[in-house]
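What Swiss-Prot records for this protein:
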type	residues	note
DOMAIN	1-184	domain 'GMPS ATP-PPase'
BINDING	Ser27, Gly28, Gly29, Val30, Asp31, Ser32, Ser33	ATP binding site
Amino acid sequence: MWENFIEEKVKEIRETVGDGKAIIALSGGVDSSTAAVLAHRAIGDRLHAVFVNTGFMRKGEPEFVVKTFRDEFGLNLHYVDASERFFRELKGVTDPEEKRKIIGRVFIEVFEEVAKEINADFLIQGTIAPDWIESHGKIKSHHNVGGLPERLNLKLIEPLRDLYKDEVRELAKELGLPEKIYNRMPFPGPGLAVRVLGEVTPERVAIVREANAIVEEEIEKAGLKPWQAFAVLLGVKTVGVQGDIRAYKETVAVRVVESLDGMTANAMNVPWEVLQRIAFRITSEIPEVGRVLYDITNKPPATIEFE
């Protein structure tokens, strides 16, 4: 099945782009990664993949994306480290909605600057079926590059728009993408910035990045397959004991949920010893953290992410 689909899409992209150039915002998530590899098969180096490091990525993510797509797949990859710019723009901002808006705006500004330099004719997006079906036929813009086609006068190509998430995962596997990509858990567009409650600073993101990595490692080691598993820095300090003295440290919440589509979700019944190991590692490996909590709330009433 996938051989025909790949052949058809490669032909379609090749014919549409012609001698022109195309650009894609590559996040390292399964949708954009699959669309990028598919388009690269069609037009080679005339596809410019842009990876923007916002500073809110998972541990080792920028290095992994560069190694996978530039070194292994041979993509024409533009790596942009805009982390300082993002942190500067978010200084003093604590409102979750405001944070999301700023991150979206800065991302578009950065992507737009690169797109102008490249002078591309087409924008390739990893839009999938639920993105536009959920919004009743009106295409829901990708949170990062919404509005860009019109602003930059780019023609839009969406090779995955008729596929569902499980199909995209199958296609990614068929295209030779590593399991770390095709089986990865969903990750919020604004990244770790929405897993830091309150102001987003490099120091606070560093704490949640480490905690997040520990949660993912231990859940994987235990052989569990949740929809999502992550850590959140609550921005609440509590009293603890360090040796003979009282210590005043940060609190981290751990969230592990099961879901079919992310629309509803149940808190996972994670074995007690796994939770204890996570708590032990977070408090012993991250000196700033003194307390770990487990969130047992379903969706609804809570959302999966905290912000």
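For all residues, glycine too, the Cβ spot is worked out from N, Cα and C.
For the binding-site residues Ser27, Ser32, Ser33, counting C-beta atoms within 10 A of each C-beta gives the highest total at Ser33. Local packing around the binding-site residues Gly28, Gly29 was summarised as the count of other Cβ atoms within 10 Å of each Cβ; on this measure the leading residue is Gly28. DSSP gives Gly28 (ATP binding site) a coil state; it is part of no helix or strand. The ATP site is defined by Ser27, Gly28, Gly29, Val30, Asp31, Ser32, Ser33, and by the 8 Å test on Cβ atoms against their centroid, the other residues of the chain that qualify are Leu26, Thr34, Ala36, Gly126, Ile181. Fewest other C-beta atoms within 10 angstroms, among the binding-site residues Val30, Asp31, are seen around Asp31.
For the domain 'GMPS ATP-PPase' (1-184), the mean pLDDT of the prediction comes to 88.
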